[in-house]
Amino acid sequence: MTDASIDASSQAPLVGIVMGSRSDWETMQHAAAKLEALGVPHEVQVVSAHRTPDLLFDYAAKAKARGLRAIIAGAGGAAHLPGMLAAKTAVPVLGVPVQSKALNGMDSLLSIVQMPAGIPVATFAIGNAGAANAALFAAALLAHEQPAIGQALEDFRTRQTDDVLANGDPRK
Ligand code: RP5
């Protein structure tokens, strides 16, 4: 059970986690784990900007009507998925640059962050931290309208702080 003692899996998804390839799951699982822990109903799907462009357009076109309040989109290399989703939907897109083998994710980061004015993508850190933080940010977006999620987020932050304070001596 989650922090908020609600079963997120039985509810319609509020957050979509999409990624350009199954190979991105190693990174994007950290977003899913955080949403799960906070009780945020979510879905996970591979949607490739380059290999399945029609699926990308369809996903973006239906996102708002399906009730999605945020889309976390992870991609690596020529990472066009977050930007193209943002081009096709007004649902907030949170971009996660996956760490690529060739350029360590700098290609992913720059592909995602350098959007033209008018089509915003909220861009997070390269890799696991970015995936986790995108999920925490999505929860924060939902906190006002979903008090249980807001409470779960506050509880997580409190536990995180308490844990650091209780383990301040790195030799122990
Ligand atoms: C991108 O290309 C994906 O997001 C992935 O990060 C990268 C490599 O994909 P695979 O060749 O592993 O499927 O589209």
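Heads up, the Cβ atoms here are built off N, Cα and C, so glycines get one too.
Small disclaimer: the values here were computed from a predicted structure and weren't measured.
Among the features that TrEMBL reports, domain 'PurE' is placed at 13-164.
The feature substrate binding site is assigned by TrEMBL to S21, D24, R51. Long-range Cβ contacts of S21 (substrate binding site) within its own chain (separation 6+, distance under 8 Å): V46, S48, A75, G76. Under the DSSP three-state reduction, S21 (substrate binding site) is assigned to coil, being neither helix nor strand.
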Chain-mates of S21, D24, R51 with C-beta within 8 Å of site centroid, substrate: M19, G20, R22, S23, V46, S48, A75, G76
Which of D24, R51, all binding-site residues, has a Cβ with the fewest other Cβ atoms inside 10 Å: R51
Secondary structure of R51 (substrate binding site) (DSSP, helix/strand/coil): coil
